[in-house]
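A.B. asks: Structure in structure tokens, see below.
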Amino acid sequence: MFSRPSLCGTVGKFCRCSTSATGKTTVAAATVPTARHYHEVVGDIICPSQVRGIDHIRDPRLNKGLAFTLEERQTLGIHGLQPARFKTQEEQLQLCKIAVNRYTEPLNKYLYLSDLYDRNERLFFRFLSENIEDLMPIVYTPTVGLACQRFGLIYRRPHGLFITYNDRGHIFDVMKNWPEPNVRAICVTDGERILGLGDLGACGMGIPVGKLALYTALAGIKPHQCLPIVVDVGTNNIDLLEDPLYVGLRQKRVVGREYDDFIDEFMEAVVQRYGQNTLIQFEDFGNHNAFRFLDKYRNTYCTFNDDIQGTASVAVAGLYASKRITGKSFKDYTFLFAGAGEAAIGIADLTVKAMVQDGVPIEEAYNRIYMVDIDGLLTKSRKVGNLDGHKINYAKDINPMSDLAEIVATIKPSVLIGASAAAGIFTPEILRTMADNNERPVVFALSNPTSKAECTAEDAYKHTDARVIFSSGSPFPPVQIGDKTFYPGQGNNAYIFPGVGLGVICTGTHHIPDEMFLIAAQELANFVEPSDIERGSLYPPLSSIRNVSMNIAVGVTKCAYDRGLASTYPEPQDKRKWLENQLYNFNYESSMPASWVWPRMPYIKTREESPLIAAIK
């Protein structure tokens with residue numbers, strides 16, 4: 001019987017072990033570099049001497065599939081490992097469209113795209129970036145929510161780090177295991193409030209993975225600079241704890257001082273591993289933690305919370321655009337928020353800043369915003385519920401009310417914003433009241449996924465005689481009212497965070513002020529064309545997000561240097577061109593090693609060679 005060699009990996013060497021027919025094992029050490037494994041090619045600069053030919057097929061950063069030329073296949077030593085057909089990247093994109101459209105279930109489309117990402121990185125990102133209108137609902141909301149719910153079933157390969165509470169005291173050691181040394185952006189969640197789905201624990205990894213995929217597809221941030229992370233402190237979701245497929249810590253959530261110390265250690269480990277200017281995006285933390293961490297870290301780390309600030313920015317952009325329809329300014333608006341969580345408070349806070357910038361005194365700005373939580377209208381005299389944190393800024397000195405229809409009839413808001421994750425609370429009665437009190441009522445149903453929206457686009461148009469100015473957090477199909485078709489715009493955070501991230505990363509910004517998100521809102525609103533408004537959308541087409549992201553990045557870059565927050569010097573004069581020079585290339589590059597010709601050396605007559613002994617004497 002033939003012996004079968006096996007490789008026993010060590011650092012910098014491997015052992016070749018062979019087993020004889022008698023069962024005796026012999027070991028011979030060899031100082032040969034360890035074979036590279038999945039995703040071991042890191043950074044922008046690849047050392048050709050460290051990459052084997054077959055690595056170009058195995059590693060998604062290098063793989064081009066059938067797009068390797070004959071010369072590349074022969075030179076790299078991969079000729080014969082692929083069929084004879086040669087394809088261009090454009091031909092591969094067409095095949096991707098055919099393949100993904102074969103599936104009818106969104107989750108199957110998600111799995112196909114995940115598999116594509118695992119085997120051909122550039123093809124995946126080019127496919128996503130060029131088909132964003134069709135594919136964003138797959139890699140992001142709403143399908144990503146379903147992917148998180150099924151995460152234990154569909155998990156295949158690591159796309160990020162899982163740092164558990166059991167790793168406390170060793171978080172830096174865990175972070176060292178990520179093979180990429182040049183991470184510039186981290187998206188982190190503890191999985192406590194995934195979209196409107198609640199506590200999904202470690203299954204929330206789909207959110208940071210999806211967010212960072214959009215960093216690359218929509219803003220050209222290099223994928224190796226992005227790191228998705230789940231800090232796993234357990235889950236209070238009993239269904240998950242009892243689910244045999246659950247992949248996280250099977251314990252109740254850690255809370256209190258222990259939890260805070262764990263997050264503190266995580267933040268310190270990020271800086272120790274990747275530097276002070278590493279962008280840390282908090283995502284889908286519980287309301288009770290989101291604001292605490294934003295207030296705690298915003299002036300000591302380069303961080304922001306997308307649920308608070310990103311959502312606020314895209315919503316305020318919609319409000320800016322709505323003024324072009326209503327013909328009114330912010331000082332003429334009265335706002336009512338259904339929901340008082342991190343999204344609602346974030347939108348309200350940024351709306352106050354927008355009003356102040358428009359010349360409204362800050363006290364009046366706060367007075368024009370009313371807010372409803374699960375216990376009713378925020379008032380100073382109500383006997384139920386709490387007014388903790390930022391809620392107190394919006395509590396009014398009026399009689400308490402708990403029924404939303406009564407509140408809408410009494411307050412008579414011109415803008416009704418839903419961020420409650422309570423499906424259907426914008427009833428036909430409430431929508432009709434909004435239409436009775438306003439010539440052009442503004443209604444934003446921002447909760448996602450779609451199943452959690454406060455109302456559907458069809459209901460909004462139907463019960464307001466099609467006079468509503470509508471936006472949603474998740475996509476809705478076109479609505480036909482009479483002889484007119486409306487295409488409701490989606491107030492998607494993806495309009496905002498990629499561009500902000502690009503500007504922050506490139507400038508090495510120390511801290512991220514709310515001013516940057518107000519700039520992002522204004523840049524997005526400026527991108528809305530009259531044709532967009534005519535078709536019923538307060539936002540430009542999703543296909544234009546890459547251009548929007550660049551405009552936002554330019555605005556953020558200017559702000560960073562104007563406010564002394566940038567650490568990349570010297571300050572570029574042409575900021576747009578400077579940013580464009582740092583973008584990820586979606587197209588294939590040559591796999592051939594660089595070669596060049598040396599000039600012929602000039603002839604110089606050398607002296608006769610002398611024996612060594614004579615030279616010594």
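Note that Cβ sites are derived from N, Cα and C of the backbone, with glycine treated the same way.
Pulled the feature table from TrEMBL, pasting it below:
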| type | residues | note |
| --- | --- | --- |
| DOMAIN | 117-298 | domain 'Malic enzyme N-terminal' |
| ACT_SITE | TYR140 | active site, proton donor |
| BINDING | ARG193, ASN448, ASN492 | (S)-malate binding site |
| ACT_SITE | LYS211 | active site, proton acceptor |
| BINDING | GLU283, ASP284, ASP307 | divalent metal cation binding site |
| DOMAIN | 308-561 | domain 'Malic enzyme NAD-binding' |
A.B. asks: Which whole-number mean pLDDT does the model give the domain 'Malic enzyme NAD-binding' (308-561)?
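C.D. replies: On average, pLDDT over the domain 'Malic enzyme NAD-binding' (308-561) sits at 95.
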A.B. asks: Would you list, in sequence order, the residues of this chain other than GLU283, ASP284, ASP307 that have their CB within 8 A of the centroid of the site's CB atoms, where the site is the one recorded for divalent metal cation?
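C.D. replies: Close Cβ neighbours, site residues excluded: THR189, ARG193, ILE194, ILE207, PHE282, PHE285, ALA290, ASN305, ASP306.
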A.B. asks: Suppose we draw a 10 Å sphere around the Cβ of ASN448 ((S)-malate binding site). How many other Cβ atoms does it contain, all chains included?
C.D. replies: 27
A.B. asks: Give me the CA-CA distance between the residue listed as 'active site, proton acceptor' and ASN448 ((S)-malate binding site), in Å, as a whole number.
C.D. replies: 15
A.B. asks: To the nearest Å, how far is the Cα of ASN448 ((S)-malate binding site) from the Cα of ASP307 (divalent metal cation binding site)?
C.D. replies: 12
A.B. asks: Counting across all protein chains shown, how many other Cβ atoms sit within 10 Å of the Cβ of ASP284 (divalent metal cation binding site)?
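C.D. replies: Neighbour count, Cβ to Cβ under the 10 Å cut-off: 26.
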A.B. asks: Count the Cβ atoms, other than its own, that fall within 10 Å of the Cβ of the residue listed as 'active site, proton donor', considering every protein chain shown.
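C.D. replies: Step by step: centre on the Cβ of the residue listed as 'active site, proton donor', count other Cβ atoms within 10 Å, giving 23.
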A.B. asks: Between GLU283 (divalent metal cation binding site) and the residue listed as 'active site, proton donor', what C-alpha distance do you get in Å?
C.D. replies: 13
A.B. asks: Specify the nearest of the recorded positions TYR140, ASP284, ASP307 to ARG193 ((S)-malate binding site), where nearness means the distance between Cα atoms.
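C.D. replies: For ARG193 ((S)-malate binding site), the spatially nearest of the recorded positions is ASP284.
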A.B. asks: What is the separation, in Å, between the Cα atoms of the residue listed as 'active site, proton donor' and ASN492 ((S)-malate binding site)?
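C.D. replies: A Cα-Cα distance of 10 Å.
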